[in-house]
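Reading through the structure tokens given below for one structure.
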Amino acid sequence: MTQPLVVGTLVGNPRPGSRTLHAARALSEAIRRTLTAAGRDTAQDGPLVDAALLAPEVFAPGSTAVPEALETLRRADVLVVASPTYKATYTGLLKAVLDRAPADWLRGRTAVPLLVAAADRHALAVEVHLKPLLAELGAAVPGRGLFVDEALLNGDPADLVDVLSDRLAEAGWSAEPAGALR
């Protein structure tokens, strides 16, 4: 008997409780629904790390907050990694947190990259910058990264989950994540 799949979330917005966090939670729910529709058992709640809450600890000598947060995310079979788009890429905060991850930290896991931006001209940043970073950390990234225009975040949260479910399918995301049979 297999264990329920766990969907985790890492958000690299420097503002606590950000709209990026809102989008990442909606994407995590869309992934859970997609997996459930494919007949997979999923855990109701997965680990969530809002990096804004870790910001004071990221460069603090001797701090264990970031390694502990990264360790909690290792429980995830599927990890949503989300960031707002700053200067055509992900945030420095997200990079600083992920720089603390051990080599192959995401080996055996599926990562779903998500970037949020105010303009569609940043849509390729998720493919060019965030997706390769997650692959470097050992993640399987079997579909295109997802981009969300900030304007989409002004609507009903349930609608956002539906839109992101559709985008997962359009982007070629598989319902069978890496490490799914653990």
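Note that Cβ sites are derived from N, Cα and C of the backbone, with glycine treated the same way.
Features of the protein shown, as given by TrEMBL:
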type: DOMAIN; residues: 7-148; note: domain 'NADPH-dependent FMN reductase-like'
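Regional average pLDDT for the domain 'NADPH-dependent FMN reductase-like' (7-148) in the model is 96.
Applying DSSP to the domain 'NADPH-dependent FMN reductase-like' (7-148) sorts its residues as follows: 56 helix, 30 strand, 56 coil.
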